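Among the features that Swiss-Prot reports, signal peptide is placed at 1-42. Annotation source Swiss-Prot lists FAD binding site at 66-95, citing a curator's inference. Per Swiss-Prot, active site, proton acceptor is recorded for H544, and the stated evidence type is similarity to another entry.
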Amino acid sequence: MATSPSSCDCLVGVPTGPTLASTCGGSAFMLFMGLLEVFIRSQCDLEDPCGRASTRFRSEPDYEYDFIVIGGGSAGSVVASRLSEVPQWKVLLIEAGGDEPVGAQIPSMFLNFIGSDIDYRYNTEPERMACLSSMEQRCYWPRGKVLGGTSVMNGMMYIRGNREDYDDWAAQGNPGWSYQDVLPFFKKSEDNLELDAVGTEYHAKGGLLPVGKFPYNPPLSYALLKAGEEMGFSVQDLNGQNSTGFMIAQMTARNGIRYSSARAFLRPARMRNNLHILLNTTVTKVLIHPGTKNVVGVEVSDQFGSMRKILVKKEVIVSGGAVNSPQILLLSGVGPKEDLQKVNVRPVHHLPGVGKNLHNHVAYFTNFFIDDADTAPLNWATAMEYLLFRDGLMSGTGISDVTAKMATRWADRPNLPDLQLYFGGYLASCARTGQVGELLSNNSRAIQIFPAVLNPKSRGYITLRSADPLDPPRIFANYLTDERDVKTLVEGIKFAIRLSQTSPLKQYGMRLDKTVVKGCESHAFASDAYWECAVRQNTGPENHQAGSCKMGPSHDPMAVVNHELRVHGVRGLRVMDTSIMPKVTAGNTHAPAVMIAEKGAYLLKRAWGAKVURVDATWTLHRVI
């Protein structure tokens with residue numbers, strides 16, 4: 001157990017970002033959360049006033065840099081950190097948001113910051129076939145507007161996807177992206193805290209990103225594993241040899257503390273004089289010479305609306321994620337010519353695939369009740385257990401770190417997982433009463449199982465709303481427009497119900513919530529037709545958006561970048577984030593985003609003559625800058 005230090009070696013600054021109390025809405029629990037935040041800010045390993053990258057924050061950028069990285073999120077933080085390892089390169093990282101709030105370091109509070117000031121709070125355009133019960137039939141897309149991006153507010157689950165995901169990328173004309181090619185870059189970043197348990201063939205120690213299990217899991221977590229075994233599944237590392245089964249996942253955390261990409265990669269680089277960071281600054285466009293199509297710099301707007309141009313010597317890297325990366329390219333005049341002209345953006349380079357191929361995992365929240373009167377409340381006793389020892393309810397995410405992957409009859413290939421189960425409940429957050437998994441009127445508690453489609457067939461796209469860079473883009477998700485996605489979800493729901501009927505979960509009195517979904521009253525409850533209706537009414541988009549700047553060869557009309565992540569037809573411009581995925585990986589996308597950034601930084605170093613890492617036949621990556 002980790003005991004936090006009692007004093008810091010430097011002054012604690014002003015609070016950054018939304019507070020825990022402000023994220024609790026009108027809850028009567030706000031006073032407790034406000035006091036809790038005071039105690040949290042006195043904990044040096046949580047507040048980390050000495051370790052934050054604030055020494056690199058700049059109010060005024062220099063005139064010119066070797067590299068400019070747009071977006072300090074899950075991938076951009078990694079790219080900037082790795083490029084600044086070369087001391088003769090001057091690197092600028094530009095982030096539209098501010099620094100990460102201290103409350104986000106607490107695992108149990110991970111849902112608090114969705115919808116807060118560090119969230120872009122995107123909504124899709126009205127959906128035809130999904131989110132039908134939502135206001136105006138719009139799906140909500142939380143995306144991090146903060147240093148560290150969505151890794152500051154995600155569930156922290158470290159999932160790499162299937163081996164076949166990457167082999168398929170390579171087979172589509174992207175050499176260097178097979179599973180064997182990318183595994184060293186997963187291992188490069190990884191500091192696995194349980195290496196003896198998972199082995200060295202697929203995992204490594206010594207990287208910047210801590211990966212390990214939370215200190216605490218509710219007893220129900222282990223019952224879920226037993227339930228999976230009763231149904232014939234193994235409990236195993238889904239990032240290893242096999243990707244089918246159940247597990248308590250490893251997380252991007254250490255000692256009960258979240259490690260965002262900013263905390264893991266930028267804070268260790270904070271003393272490098274060649275790394276500068278601009279916060280609260282929006283890139284309005286990448287500056288591209290219309291004749292040569294060479295990138296010359298970027299145009300930015302600070303939080304007060306002041307505009308300036310910053311020049312680049314070598315390359316600009318766009319790492320805004322699957323929503324903002326295509327938006328930045330479009331604002332820069334790179335994209336479908338006809339779409340740009342509609343919003344009065346001057347086309348610089350016609351590239352029809354920008355914003356296309358957008359897709360995301362899609363889920364359905366299946367509600368259950370359990371009988372459990374022994375759960376402890378979130379009170380000062382449990383808070384002190386976390387503050388003093390980084391253990392207990394607040395050191396984890398309840399049962400949300402349990403997951404399972406499996407193949408349905410709709411899978412493209414036998415035994416290739418196309419469905420993932422997530423679980424929700426026992427979350428120590430700001431509930432109405434302060435009780436973890438609050439008691440309902442019948443003395444039961446609610447938990448959720450939500451199956452997610454890992455290989456969605458439905459495709460959407462992103463376009464500009466206007467030429468104003470502060471206008472959110474128009475997002476057409478087109479969820480469930482391919483019937484195969486609906487069929488896979490229904491299979492997942494029926495599996496979740498069967499799981500609830502196993503003996504380990506029957507001991508909890510687990511039972512399906514039979515409240516009829518509004519709009520589905522005409523269907524027999526729990527029939528396939530009923531569930532097909534339900535998933536369209538109460539659609540649950542995951543936060544794993546991908547594909548909108550697709551990687552592919554030049555003969556692919558929808559490809560935006562090549563296998564070296566260079567934007568087709570533009571010199572000095574690359575994209576490095578999940579938007580380059582030809583097809584989204586089968587699982588949470590944070591670990592693949594970090595891998596893409598690691599490989600992208602490697603490609604940049606190699607292209608510009610820096611010493612680079614060598615990959616040997618055993619897939620070991622030797623760390624040489």
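The backbone N, Cα and C atoms fix where each Cβ goes, and this holds for glycine too.
Source: prediction; values computed, not measured.
Positions of the features from Swiss-Prot, shown on the structure.
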{"residue": "D66", "record": "FAD binding site", "contacts (Cβ under 8 Å, 6+ apart)": "W89, K90, V91, V312, K313, K314"}
{"residue": "I70", "record": "FAD binding site", "contacts (Cβ under 8 Å, 6+ apart)": "G76, I94, V283, V286, V298, V316, I317, V318, S319, G320, I328"}
{"residue": "S74", "record": "FAD binding site", "contacts (Cβ under 8 Å, 6+ apart)": "G148, G149, T150, S151, S260, S261, G321, D577, T578, H590, A593, V594, A597"}
{"residue": "V78", "record": "FAD binding site", "contacts (Cβ under 8 Å, 6+ apart)": "S189, S261, F265, V594, A597, E598, A601"}
{"residue": "R82", "record": "FAD binding site", "contacts (Cβ under 8 Å, 6+ apart)": "F265, A597, E598, A601, Y602, K605"}
{"residue": "H544", "record": "active site, proton acceptor", "contacts (Cβ under 8 Å, 6+ apart)": "N360, H361, T578, V584, N588, T589"}
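With a 10 A radius on its CB, K90 (FAD binding site) counts 20 other CB atoms from all the protein chains. Minimal Cβ crowding within 10 Å, among the binding-site residues V86, I94, is found at V86. Following the DSSP three-state reduction, the secondary structure of D66 (FAD binding site) is strand.
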